[in-house]
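A.B. asks: Take a look at the following structure, please.
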């Protein structure tokens with residue numbers, strides 16, 4: 001009996017029950033009126049309102065007081081809405097959680113300086129205790145990896161909690177922690193970035209790459225964006241609105257990769273229609289992992305504006 005493999009294909013941009021693909025994580029200083037206003041019209045995939053680094057200690061209480069209005073207010077675009085709380089153990093995180101978990105629109109929470117699974121588990125427990133019932137299953141967690149200890153405990157962190165959705169590399173604190181000064185080609189950061197990307201893929205999580213430390217060099221930022229894609233990251237952190245389009249362009253699969261994905265699915269479809277066994281595709285064994293890879297490529301292409309439906313329609317002709 002033949003199998004209609006196309007009926008099993010899911011290339012929706014953000015299907016329910018799958019990890020979200022976030023090409024951009026856009027930081028907004030929750031205490032900066034101009035940035036907050038700009039965030040209401042942004043094309044970023046995830047808007048992350050910051051209660052941590054961007055907010056001075058003496059302004060944190062005021063920032064919390066206004067954060068609910070920002071989170072639940074009207075906006076002209078429809079990004080994922082998140083908050084970066086203060087790190088677990090900082091002494092500020094519990095007050096952050098008490099406030100932001102009152103939001104009706106909160107979808108993601110970035111936990112900075114994660115070094116142990118217990119940091120993620122603590123926040124998840126607070127969600128269970130404090131969040132409205134309808135919000136509990138919606139909030140996704142992102143682990144900020146910012147130290148050598150966090151990097152060494154990645155496997156433990158990646159398995160810490162079902163709510164964990166992504167691992168994120170925070171380059172600023174990491175370089176200070178390990179006393180590294182990145183050179184022009186960022187080679188000193190390749191180990192940390194590769195490890196985060198690999199562990200994320202191993203445990204079914206998304207990987208979000210570092211922010212660019214020098215916003216004055218657009219060519220270097222562009223190179224970092226394309227490097228991130230080649231290293232397996234699905235997104236990049238950005239601080240400035242002019243970096244969003246650059247990151248989105250870099251995170252869309254190139255045409256040759258899209259063509260390869262379509263060819264993979266077409267071959268798989270034809271083989272299953274004929275009930276054939278494993279065969280070779282471009283001298284590589286073509287099995288289920290290749291189909292899943294192609295499915296993911298097309299999800300990313302669809303998010304990038306590619307007409308995936310038209311490409312798939314040609315397979316059945």
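Each Cβ is built from the backbone N, Cα and C atoms, and glycine gets one as well.
Nobody curates TrEMBL annotations by hand; they come from automatic prediction.
Summarising the annotation, TrEMBL assigns domain 'HpcH/HpaI aldolase/citrate lyase' to 23-239. Residues or ranges marked as substrate binding site in TrEMBL: 84, 146. TrEMBL lists 146, 173 with the feature Mg(2+) binding site.
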A.B. asks: Sorry to bug you, but what's the C-alpha spacing from residue 173 (Mg(2+) binding site) to residue 146 (substrate binding site), rounded to the closest Å?
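C.D. replies: Distance (Cα to Cα, whole Å): 5 Å.
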A.B. asks: Quick one: of 146, 173, which of the binding-site residues has the smallest count of other CB atoms within 10 A?
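C.D. replies: Taking 146, 173 as the binding-site residues, the minimal 10 Å Cβ count falls on 173.
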A.B. asks: Please compute the mean pLDDT of the model over the domain 'HpcH/HpaI aldolase/citrate lyase' (23-239).
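C.D. replies: Looking only at the domain 'HpcH/HpaI aldolase/citrate lyase' (23-239), pLDDT averages out to 94.
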A.B. asks: I'd like the Cβ neighbour count for residue 84 (substrate binding site), meaning other Cβ atoms within 10 Å of its Cβ, all protein chains included.
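C.D. replies: Counting Cβ neighbours of residue 84 (substrate binding site) within 10 Å gives 27.
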A.B. asks: In the three-state scheme derived from DSSP, which category covers residue 84 (substrate binding site)?
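C.D. replies: Its secondary structure by DSSP: strand.
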